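J.: Submitted below is the structure of interest, expressed as structure tokens.
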Amino acid sequence: MQHLSIKKVDSKILEQIINLHSKYFIDSTNEYVSYSFKYKTTLIQIYTNNTLYISSEDINLWISWVNKYNPKLATYLSNNFLKNEYIKQQEEIDIVSEQELYNQFDVLIGSDEVGIGDFFGGIVVCAVALNKDELNKFKDLNINDSKKISDQYILECYDTLVQNTTYCIKHYSPVQYNQQIAKYQNMHILKTSLHINAINELKTKIPTSNVGLILDAYCSQTNFNKYAKAANLNSLNFDVLVPKAESYYLCVSIASMIARGFFLKAMLSLSTKLGIDLPLGAWNLKIKSVAHQIIDQKGFAVLEKITKNHFKPFIELKKQNDSNS
């Protein structure tokens, strides 16, 4: 049996692992484990400190399976496991500076999404447009890497951001999300649709066509085009498509924060309506407890309307409910 781990894994990598293994979710009694999956003889666990732990009889067999669906993820895992240490970015990516982009374009549009891995709630995409003169407006907010900023701070900054930014939000409520995922069977198609619609609408709000497009990458340009085609939409050609784009470009950082703020506000509103605090995240003991509380107090139909129904925990809860009814 092989036991390997990677520490401080980037959240985008973890999202890919969660999405790929959602059908193989299993319960974990370890309070420090956020997600636990079992694929054949391979146990995959994601800890609250973003450590990825793997226990397997044949890790190469598992990586070969991952490679069928996500070759880049398989390469990342293979390289990191071979060295048995975390490498933040396997290949050096030539990052075009914000200054260089503003030398080419009048406006930069950055887009990001949130809610992808959360059991409760839908998903939100925000696109933000900034020209060079607007950069200084946000210096006092100390926005560097939005993924490291607390939810509380994002809520505190939310009104300031939306009042001083040209932006567009597109989102799916949980019910809409479940309808779309049932139709397309692919979360990437849903994200792609929201990004395209948000960016296209945002373009109508700015007085120039000389616009640079930046996406916090969850796929390649080729795959983005495929997802757009699957959704019967005209694709977009991005000038910059890199992981962790929010670390390099202010428009993406602000888009990430506004999207997160919108999502948090929606979750708070939903919690108020239910009279039950809905926790964030994909699945753990707390979320499991709240899910059962909702079923007991509100009925299973209510749970169905506020969760992502293709997540393995929901499927298991539905089986239990159907067998009891």
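Here, residue 1 is simply the first one shown, and the rest follow in order.
Placed from the backbone N, Cα and C atoms, the Cβ positions cover glycine too.
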J.: Report the candidate from Asp10, Asp216, Asp239 that shares the divalent metal cation site with Asp112, Glu113, as recorded in TrEMBL.
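T.: Matched candidate out of Asp10, Asp216, Asp239, per TrEMBL for divalent metal cation with Asp112, Glu113: Asp216.
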J.: Kindly assign Asp112 (divalent metal cation binding site) to one of the three DSSP-derived states: helix, strand or coil.
T.: strand
J.: Among all the protein chains here, how many other CB atoms are within 10 A of the CB of Glu113 (divalent metal cation binding site)?
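T.: For Glu113 (divalent metal cation binding site), the 10 Å Cβ neighbour count is 27.
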J.: Looking only at the domain 'RNase H type-2' (106-323), what is the model's average confidence as pLDDT?
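T.: A mean pLDDT of 92 is what the model gives the domain 'RNase H type-2' (106-323).
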J.: Test of understanding: give the count of other CB atoms lying within 10 angstroms of the CB of Asp112 (divalent metal cation binding site).
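T.: Excluding its own Cβ, the number within 10 Å is 29.
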J.: What does DSSP assign Asp216 (divalent metal cation binding site), in three states?
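T.: DSSP call for Asp216 (divalent metal cation binding site): strand.
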J.: With an 8 Å cut-off on Cβ distance to the Asp112, Glu113, Asp216 Cβ center, who else from the chain surrounds the divalent metal cation site?
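T.: After dropping the recorded site residues, what remains is Ser111, Val114, Val125, Cys126, His195, Leu215, Tyr218, Ala245, Glu246, Val252, Ala255, Ser256, Ala259.
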